[in-house]
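J.: Input: one structure, supplied below.
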Amino acid sequence: MTSSTEGLELAQIAFYAVASLPATYCIVKHGKAGVLGWIYVFVMCGLRLVGNGIAYHALSTTGEPNRAASIISGIGLSPLLLAAIGILRESNYSIQSKLPVFLGGFGMLIPHLVVGGGIGLAAASGNHTTLLEVGLIIFATGWIIVVGLMVLSVKSNAHRSRLEDETKLLHAVMIALPLIGVRLIYAIAIVFKYKNAGGGSLAVRVIFGTLPEFLVMTTYLSAGLVTHNLARRRCQNKPGPASASNYTHVTV
């Protein structure tokens, strides 16, 4: 008989298997301006499928959680936050020239480096709980930076000049970041209390671990599907070259 914990792992496998399909669609439809954010959404699906698959196999064979699955679970937050950065940048695309320089490529690179550093420490922690704790604290710093970039994007003078679909993407990021914050606080609390990324009761794991991730992914994918024509609309809004009919050619 499948235990409640095994059932949770299977539910996550099913959710992310289904989510990978619209994630792939968004990668294709959003074009160059949005490809990075949607790739991270797809990577999140891949990480969760691998991590939950390993966890389910370990639980069904040995009855004990797997260390590798716990590490993958810990670093699985990173694609959610990196996707927020990518989607935020896509939401700023049409007004990028009017935004401060730190909301451009260089500014977006900083949280990438911070998050990458934190996740690198967490992934390399092995049995060294201190590295995992430090890695998550660094990751939390990256989350704070992304929240700051989001606030600056909303407060910018050019905010209202966004395309309608870009505003929808920005709203998705605004919804997702608090949920990621809840998931991150839970991860930090679990690591500091249980000295691993897989502790806590099943109910707590569902409410503060699984549910926020599902909500973030649903928010991203809903926004991505609703704005699937954004790349085409940007092209339509670009001023075209002057037509030859606007000029009078005089032959002498």
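Numbers run from 1 along the shown chain.
Even glycines carry a Cβ here, placed using N, Cα and C.
So TrEMBL has the following annotated:
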- 5-228: domain 'DUF7702' (DOMAIN)
- 12-28: transmembrane segment (TRANSMEM)
- 35-56: transmembrane segment (TRANSMEM)
- 68-88: transmembrane segment (TRANSMEM)
- 100-124: transmembrane segment (TRANSMEM)
- 130-152: transmembrane segment (TRANSMEM)
- 173-194: transmembrane segment (TRANSMEM)
- 206-226: transmembrane segment (TRANSMEM)
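Help me understand the surroundings of these features in the structure.
T.: If one looks beyond the transmembrane segment (12-28) by at least 6 residues along the same chain, the residues whose Cβ comes under 8 Å of a Cβ in the stretch are 34-35, 38-39, 41-42, 44-46, 48-49, 52-53, 56, 210, 214, 217, 221, 224-225, 228.
Note on the transmembrane segment (35-56): residues 6, 9-10, 12-13, 16-17, 19-20, 23-24, 26-27, 65-66, 68-70, 72-73, 75-76, 79-80, 82-90, 213, 217, 220-221, 224 of its chain, located 6 or more positions outside it, place their CB under 8 angstroms from a CB of the stretch.
Counting residues 6+ beyond its ends, the transmembrane segment (130-152) has Cβ neighbours under 8 Å at 74, 77-78, 81, 84-85, 88, 100, 102-103, 107-108, 110-111, 114-115, 117-124, 170, 173-174, 177, 180-181, 184, 187-188, 191-192, 196-197 in the same chain.
Long-range neighbours of the transmembrane segment (206-226) within the same chain, counting only residues 6 or more positions beyond its ends whose Cβ lies under 8 Å from a Cβ of the stretch, are 8, 11-12, 15-16, 19, 22-23, 25-26, 29-30, 38, 41, 44-45, 48, 76, 80, 83, 87, 165, 168-169, 171-172, 175-176, 179-180, 182-183, 185-187, 200.
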J.: What else in the chain is close to the transmembrane segment (173-194), if you only count residues 6 or more beyond its ends and a Cβ gap under 8 Å?
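T.: Same-chain residues near the transmembrane segment (173-194) but 6 or more away: 74, 77, 80-81, 84, 87-88, 91, 129, 132-133, 136-137, 139-140, 143, 146-147, 150, 154, 200, 204, 208-209, 212-213, 215-216, 219-220.
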J.: Restricting to the same chain and to residues at least six past its boundaries, which positions have a Cβ under 8 Å from a Cβ of the transmembrane segment (100-124)?
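T.: Apart from its flanks, the transmembrane segment (100-124) reaches 71, 74-75, 78, 81-82, 85, 88-89, 92, 131-132, 134-143, 145-146, 149, 152-153, 156.
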